[in-house]
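Undergrad: This is the structure I have questions about; it appears just below.
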Amino acid sequence: MYLIFTTNFFPWLTIIVVFPIYAGSLIFLLPHKGNKIIRWYTIYISVIELLLTTYAFSYHFQLNDPLIQLTENYKWINFFDFYWRLGIDGLSIAPILLTGFITTLATLAAWPVTRESRLFYFLMLAMYSGQIGSFSSQDILLFFVMWELELIPVYILLFMWGGKKRLYSATKFILYTAGSSIFLLMGVLGIGLYGSNEPTLNFETLSNQSYSGILEIIFYFGFLIAFAVKSPIIPLHTWLPDTHGEAHYSTCMLLAGILLKMGAYGLIRINMELLPHAHSLFSPWLIGLGTIQIIYAASTSLGQRNLKKRIAYSSVSHMGFIIIGIGSLSDTGLNGSVLQIISHGFIGAALFFLAGTSYDRIRLPYLEEMGGMAISIPKIFTMFSILSMASLALPGMSGFVAELIVFFGIITSQKYFLMTKIIITFLMAIGLILTPIYSLSMLRQTFYGYKIFNVLNSNFLDSGPRELFVSISILIPVIGIGIYPDLVFSFSVEKVEAILSHLFL
């Protein structure tokens, strides 16, 4: 047993994927009124899962190997040739670790939730399994199954623990995401059944398969719609501000930190890796969409009255850099996209957490009603200010490095003409100018001035040890990656080179 446990023959990924939802199902056996027991149980499960994942990756993952590692392959449905096929590479390891980190902190952030807490925490753990399953799937149909596992937990979390317009937001969320899943399923079945009497669902086999030009474009477009909704890419983004505006902030942490990144991951894993020729054709359009998205969402963010909606539109803007990096067709640009996926996962989750803790105290959702909070809650003000600076790409923070590398990626790309690159860089720079405008405006309206003194009982409690721990835990990797971005690049560089070498064959 010792030899099995310390070698790659141990089913690490199966345990990592199944453990959260299995342990979460045991929550319903805990005492109905034992909210404290349920909270601690969920936190312990999340921490154990994160430690198990970190141990497995630290001792059994080779950084200089671009091939799939820790592979597992078990037949699931015989007549359909459907396999439980898992594996990780340099592209998936960082998002999986991000998932574990953010989910653990989100369970701690959800401490104030007391209504139907067993169901709430079970849904969070079910999402945990679905997210890790999506990032580690090596079977395209299994990827779809894990992708769908996200929808119902988010819908219920939004519908039951959301704000006043939670029914509208939950309905809009499920219509957009379930509708886009139809395109994903059609693409999965089309690409899996093409040119063979038996389904071909293995990612490794599909990456070596060729298609006719028109058919590859059709497949690519179907997958692009599915991932564009999840990322989100304009104009399929309108569900996101409503969802963030109404969801509990622990749910917002999972949405901003992980769920959006699944769409970007799908673009790289499926659209780039499996359909390279179509990606070469669509990449200029992705660059254009990403550039428009940065400016449009930053401009729209400035006009939002709701604090969480303003942060939501800032997330849409920052996702534009990921789209541009994916479309740049350069090592530098794609590595910048991977770094931005991780960087914005931390920063977005932190901002929604701080916005939620502020709302818990003042119960005012609109910016024009706020003001003067810096005096009453200086610790929250300090953390909010630091992480807002990280969001506007302050040097020394992860956002600065990620966006700078995406800039270099588009400038050094061999695919585009010089004038095209100059125009794109100029438009991206406009987005960078708009970012501090809405970020600093948000800080000014929320924390400065004297308006809060007119509110009854304005002596609010400042951030406690739990909230400080969550904020600082996210801030540390944001600064760490900003100072030493090789923390992420050490995972992705080899895999990015392999993807692009396949792209230009």
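Note: Cβ is positioned from N, Cα and C throughout, glycine not excepted.
What TrEMBL records for this protein is below:
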- 137-425: domain 'NADH:quinone oxidoreductase/Mrp antiporter transmembrane' (DOMAIN)
- 12-30: transmembrane segment (TRANSMEM)
- 42-62: transmembrane segment (TRANSMEM)
- 82-111: transmembrane segment (TRANSMEM)
- 118-134: transmembrane segment (TRANSMEM)
- 140-161: transmembrane segment (TRANSMEM)
- 217-240: transmembrane segment (TRANSMEM)
- 252-270: transmembrane segment (TRANSMEM)
- 282-299: transmembrane segment (TRANSMEM)
- 311-329: transmembrane segment (TRANSMEM)
- 341-359: transmembrane segment (TRANSMEM)
- 416-438: transmembrane segment (TRANSMEM)
- 468-485: transmembrane segment (TRANSMEM)
Undergrad: Pairs 6 or more apart in sequence, C-beta under 8 angstroms, 3 or more of them: is that satisfied by the transmembrane segment (252-270) and the transmembrane segment (282-299)?
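TA: Contact between the transmembrane segment (252-270) and the transmembrane segment (282-299): absent.
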Undergrad: For the transmembrane segment (82-111), give me same-chain residues lying six or more residues beyond its boundaries with a C-beta closer than 8 angstroms to one of its C-beta atoms, as numbers and ranges.
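TA: Long-range Cβ neighbours of the transmembrane segment (82-111): 13-14, 16-17, 39, 42-43, 46-47, 49-50, 53-54, 57, 61, 63, 66-76, 120-121, 124, 127-128, 131-133, 135-139, 141-142, 199, 201-203, 248-251, 253-254, 257-258, 261, 265, 268-269, 338, 341-342, 345-346, 349, 353, 356, 466-467, 469-470, 473-474, 477, 488, 491-496, 499.
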Undergrad: When you scan the chain for residues with a C-beta under 8 Å from the transmembrane segment (282-299), skipping those not six or more beyond its ends, what do you find?
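TA: Distal contacts: 220, 224, 233-234, 237, 271, 313-314, 316-324, 326-329, 410, 415-416, 424, 427-428, 430-431, 434-435, 437-438.
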Undergrad: Is the transmembrane segment (311-329) close to the transmembrane segment (416-438), in the sense of at least 3 CB pairs under 8 angstroms with a sequence gap of 6 or more?
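TA: Yes, since the transmembrane segment (416-438) and the transmembrane segment (311-329) share at least 3 Cβ pairs closer than 8 Å, they count as touching.
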Undergrad: Select the range from 42-62, 140-161, 341-359, 468-485 that forms the most Cβ-Cβ pairs under 8 Å with the transmembrane segment (118-134).
TA: 140-161
Undergrad: For the transmembrane segment (341-359), which partner among 42-62, 140-161, 217-240, 468-485 gives the most CB pairs under 8 Å?
TA: 468-485
Undergrad: Same chain only, please: residues at least 6 beyond the ends of the transmembrane segment (42-62) with a C-beta under 8 Å from a C-beta of the stretch. Say none if there are none.
TA: 6-8, 12-13, 15-16, 19-20, 23-24, 27, 69-70, 88, 93, 96-97, 100-101, 103-104, 107-108, 121, 124-125, 128, 132
